[in-house]
Each structure stands twice: as structure tokens, then as C-alpha cells.
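Engineer: Supplied in C-alpha cells, the structure appears directly below.
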Amino acid sequence: MGRRSAAPTSPFGEPRKFDPKFKGPIGKRHCTDVLCCIIFVVVILGYIALGVVAWIHGDPRKIIYPTDSYGQFCGQKGTPNENKTILMYFNILRCASPVVLINLQCPTTQLCVSKCPDRFATYLDMQANRFNNSYWEYYKQFCKPGFDKPRKSITEVLRDEDCPSMIIPSRPFLQRCFPDFSTRNGVLTVANKTEFKDGIGQMRNVTDLRSAANGINNVLDARSVGMKIFEDYASSWYWILIALFIAMVVSLLFLILLRFTAGVFFWIFIIGVIGVVGYGIWHCFWEYDSLKGVPGADLTIYDIGLQTDFRVYLQLRQTWLAFMILLCIVEVIIILMLIFLRNRIRIAIALLQEGSRAIGYIMSTLFYPIITFILIAICISYWAVTAVFMATSGEPIYKVMANKTLCKYADITCIPETFNTTNVTRLCPGAQCTFAFYGGESFYHQYILIFQLCNVFVFLWLVNFSIALGQCTLAGAFASYYWAFKKPADIPACPLFSSFGRAIRYHTGSLALGSLILALVQFIRIILEYLDHKLKASQNSFAKFILCCLKCCFWCLEKFIKFMNRNAYIMIAIYGKNFCTSAKDAFFLLMRNVIRVAVLDKVTDFLLFLGKVFVTGSVGVLAFFFFTRKIPVLTDEAPALNYYWVPLLTVLIGSYLIAHGFFSVYAMCVDTLFLCFCEDLERNNGSSSKPYYMSPNLHRILGKKEILSKKAKR
């Protein structure tokens, strides 16, 4: 007999061989990617140490409380400024914009006061009314502490800024005094006045303050809006929680209904697409036919050239003919895909239905996203607190405040305690050593930017690890369901808890490695976004083009890595191998079933999109009618609101996040069942000695023809 020729080796590896001992996720495992696990633990310890150092050096009061020119906090308990909670600027005209004010970079004396001025006044007026004690008593509260009944000349007082040269009616915002701007008939006013006296007694128009207070009016209006939004939340939070609970119930019901309606939803959509494209073909033909004989309609697109008005092209028969041909091609492609891929589409729909059935047997998986949410919330909180403490780790830096054109020492660093003994006060009359910002010269302060970048990177790593842990845990639970020969009798007890234990005990290193790769790509994308922001004003077109290409490439790379990591975690949950081996096995398995992968991915994406739209839309519509009091039986129950969109928007966002949490479990379930299904087809042939583990529904859809062909190959 002639020797049988060996089958050519597949470039994507050999199919899985039948193993009578294989019953799903293996129990005997060993720790994988130990080195990465050790690095991960060391990084976490270092991250904790960084947080401790930031906690020691940081002082959030620098953000909570405004700081005066002496580096003292306004409103801090136990200090002389305890009752002085607001920061006032002596000469607001020196401030370029509200952003400068908020960032404490305005080159004028800043003083903590108990209240903002409520009238116009100048130091010259005070001197003119020096015999009126009530006038001085009001004005002196805005002077430096201890400055009472001055003997200095007016020039010296204003030069040394012992008192403000003028005060302006102001309102507190962000614990700072801002001019009380308003508009009347389109005219800018302050306290209903359009003119005021400046510090030297000259009349000036209120518009002179515009550069220092541009946008202040909008900011003050935003404060009012913010208070109203807070009131709306206070009166509607109970109903918001009820709406979110309804969203959770609707999401659960949708997942249950998918077992029976997945195919209906998909085929309705396909028929709808075919119908819409068919209508487009008919409409293009109608437009093409109606333009017959119209003067100029027979010109070609080449004849009229490039036109900025697109409507010109719609008056040509050639345009509608091109549209009609294009739509015909699309229609033919869709129909051919349905003809040749119909069986794979049916398998995809059956897997979706099987996913709903699996979740029904392991209901605890629906609540696992809560654990992922808690882990991510902890990561976000720790990152935010660490970032704030690092940002406030600086020591107070004081600089000389003087006229730059007359004083060469302006803006240099100074020490308040010794400033009056230096030559600066003699060479630059009126110069002051005032607080500028927070900084430092130590190693820690010099590398705060590096530490902030490390904070961001480790944050990304931990968040991705939390997501990876959830995916691996869910994959192990759903794999236990699939490889149970008799469902649900053979499903192991507590499959979710067992899978979680295996992932933590054996595969922390593998999950850390996968999340590290993804975190690196995401970190690079953040840097590219920062560079793109910096280059927006640049005229270098080549640099913008290169940056755009890099952003596109890394976006695609991130999507690919997320996809591969997801499938690698499934293989880790089943076989317990290291990350690289699992990723390779998953990739080869997917490539051996590439058409099924594409079909299942699109069908799943579509149905989950429908689910999110259905849950968010249905709950959102219900919330809209309730909060706008358009439900007659609940009119009296609806709270009185300033803005109904406040709770409505909260309900919409919350409903979407809840639906996303439920459907992420469903998507992981379908992906896991799909990989198990592909392996089932490779391992077994449906015979009594090698029976399939798939459900009877999948077995029936697979068809006798494919089963028999597999038996022949075996």
C-alpha cells in the first residue's frame, strides 16, 4: 500500500486533539509569569510609598483655601484669618484675566478679608473725609493688619500698598472678591454705575475693568446655575435612584429575552437595511429619470469640475447614476453575504442565545461588575488624592513685586523675614516680598512632574488589571458552564468564586503582564494627545501629519491589544498557561475560525448596541415624562425642579453605565462560549466516543453535513 501523504501544516497551528480527560477549566495549575507578578507587587508598594511621601509633603489647603501675599490661608481655623475667608486684590486692574486671579498670579497685594467691598471708594476720598470716623472704620478693614490712622503721606501709603488705592463693589466667588459686574441695556456696569474714580482721583469707565474681569459675569451666572442644580439633586435624588433601579431591571429582562429574541432582532435589522438600501436605489433611479431632458443635466462631473456647492452635482444625471450603481453594489454584497454566511450567522445568534442561558444558570456573574467598579473607584480615588497632594507639595515661594521697568530686582526670589534688611527696599522704593506660588528645590520637588507621570501610568496599569481580573474571572465561570456535559447538573459549585480564586492565586502575573502592555499603549496615546494639543497653534504641517498618523496607529494598536488580551484571558482561565502562550493559542484559534469571528463580533456588537439604546431610551423617556409632570397619575409625586434636564441627564448616563455593566458580562460570556465552541469543534466530532459539549440548539444548527465531514476527516 502506498503511504498516505501528510496534510500540510496550517500557518496558524494544528487543531486541538481529542483529550478524554479534558472537562473544562483545569484544576491543577501553577503560577504563571512570576517575574511580572513580582514587578507588579513592587510597583504597587512603590506606588503606596509615593502616596505616603505626597501625603507628608502635600497640603490640600493650598487648593481649598486662597493664600494672601504673606502665604497665609484665608479662613483657616486656629489662625488670625479664621473669620477672613475671602481674598481681595488691592488693584484688580493689574490682573489680566479671571484665570490669572484664580491661579494667584496677579501682581498686586492680596489680603484676606471677612467680606468684599460693597461700595466705590478711594484712599484719596478717605483722606478728604479723615474726620469722619465711620468712613475710615469701613475703609481700614481692607488695609493691611495694624495699619490704623497712618502718618505716612498718601504717596508712601499707595507706594507701599498699605491700603488699596481704591475699592470696588464686589461679590465673592471661589473665595475671592470679583467686581460686581452686570449689564443694563447692553451697557457694562458695576453697582449700576458706568464710571468710577481710580486711585489718583481720575474718572474712569467701567469698561477699563474688562481686561481684568473678562468672563466674570458668566462665571457668576454659573454660580447661580450651580446652586440650582444642587437644589434639583437634593429634591430628586430619591427618584433618580428609582429610575436607576428600573434600568437595572430592564437590563436584566433584556438579557433574558435575548434567549428568545436575538434572531428576531437581527433579522429585522437586516431586512430593514435591505429595504432602506432598496429604497435608495429606487430614489436614485427616480431622480435619474426625472432629470431626463433637463438642460445641463447630461453634463458630466468632469465637465463642471470642482464645485464648493454640492447641490450643483445633484442636478446631474451622472451623479444619481453613480449613487444608484454604488447602492446596487452594496445591496448585492449584503445579499451575497447573507446567502454564503447564513449558517455562520445562525451559529452566532445561537451563541448569543446560549450566552443568555449561561447567565441564567450563573446569575452571580451579573453582579461581578460591582466588584470591578469598586476596584476602579479605589484606583481613581487613590490616583486623584495622590495627584492633589503631589500638586500641593511645594513650599511657599516669595518674589519681589515691583515695577519691572524701574527695578531690576522685580520677580526675583526673596525671603520675607530678611527682605527689609536688603538693598532692594532702598533701590526699589515700594517693592514688596509677596507670596507667588508653591515650589521647592529638593529632589522630590524637582521631580514632581516625573512622579505625576508615574502616578498616571501606574493608575492605568491598575485600572487595566482590575478589568483583566474581571474578564478572567467571568471567562472561567462561563467556561465551566460550556464544558459541563449535562447542564446544569455538571456545572461546578460556585463557578464564579472558584474562577476568581484561580485568577488571583495563579495568574496575577499574567493578568499584570497583559494590563501592562495595554497601559503602555494608553500612556503613549495620552502623550500624543498632549503633543497634539500643544501643536494646535503650530504651522508645521508635516509634524501635525506625523502626529495624526501616530495617533491613528496607536488607536488601532490599543483596540487590537484589548481584543487579544480579552481572548488571552479566556485561554488563561481555561488552561492556566502564561500570558504569551495563551495569547498565541487564542490568536491561532481565532485565525482558524476567522470568518466566524467576524460574523459573531458584528452580530454581538449590534445586539448589545440595541440593548443599550433600548435600556437607556426606555428609562430616559419614562424619566422625561415623570420629571416634566406629563404622567397624570404621578403629577403630584414629581418634584418641583429648576432644570428638569439635571435629573434626566443623570438618569440617562446612569442607565447607560448600568446597561454597559450588565452587557459587558454578556459580551464576555459570548466571547468565552465562542472560543469553547471552536475548541469543541476541533476536539470532538459528535460521535458517541467524542460527543460535542455544545447545546442541542448549536448541535442542530451545525448540521449533519458538517458533522459527517468531520467524522470522515477523523
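Cβ coordinates are placed from backbone N, Cα and C, and glycine is handled just like the others.
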Engineer: Do the topological domain labels in Swiss-Prot for L316 and I345 match, putting them on the same side of the membrane?
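Structural biologist: According to Swiss-Prot, I345 sits on the opposite side from L316.
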Engineer: Of the residues N83, N685, which is given the N-linked glycosylation site tag by Swiss-Prot?
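Structural biologist: The N-linked glycosylation site feature in Swiss-Prot corresponds to N83.
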Engineer: From N205, N403, N423, pick the one Swiss-Prot annotates as N-linked glycosylation site?
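Structural biologist: That would be N205, per the N-linked glycosylation site annotation in Swiss-Prot.
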Engineer: Can you check which of N192, N464 Swiss-Prot annotates as N-linked glycosylation site?
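Structural biologist: My reading of Swiss-Prot gives N192.
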Engineer: Measuring Cα to Cα, how many angstrom lie between N205 (N-linked glycosylation site) and N192 (N-linked glycosylation site)?
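Structural biologist: Cα-Cα distance, N205 (N-linked glycosylation site) to N192 (N-linked glycosylation site): 12 Å.
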Engineer: Looking at the topological domain 'Cytoplasmic' (1-33) alone, can you tell me the average pLDDT?
Structural biologist: 67
Engineer: Any chance the transmembrane segment (511-531) and the transmembrane segment (262-282) are in contact, meaning at least three CB pairs closer than 8 A with a sequence separation of 6+?
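Structural biologist: Not in contact, no.
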Engineer: Other than its close neighbours in sequence, what residues sit by the topological domain 'Extracellular' (477-510), given a CB gap under 8 Å and a spacing of at least six beyond its ends?
Structural biologist: 22-25, 29-38, 40, 355, 358, 361-362, 364-365, 368, 469, 570, 572-574, 576, 578-579, 582, 668-669, 672-673, 676-677, 680, 691, 693-695
Engineer: With helix taken as DSSP H, G or I, strand as E or B and everything else coil, how many residues of the topological domain 'Extracellular' (627-644) land in each class?
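Structural biologist: With helix first, then strand, then coil, the topological domain 'Extracellular' (627-644) has 4 helix, 0 strand, 14 coil.
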Engineer: Fill in the CA-CA distance, N192 (N-linked glycosylation site) to N83 (N-linked glycosylation site), as an integer in Å.
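Structural biologist: Rounded to a whole number, the Cα-Cα distance is 29 Å.
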Engineer: Using a Cβ cut-off under 8 Å, which residues of the same chain at least 6 positions beyond either end of the transmembrane segment (645-665) come close to it?
Structural biologist: 229, 232-233, 236, 239-240, 243-244, 247-248, 251-252, 255, 359, 365-366, 368-370, 373, 474, 608, 611-612, 615-616, 619-620, 623-624, 627
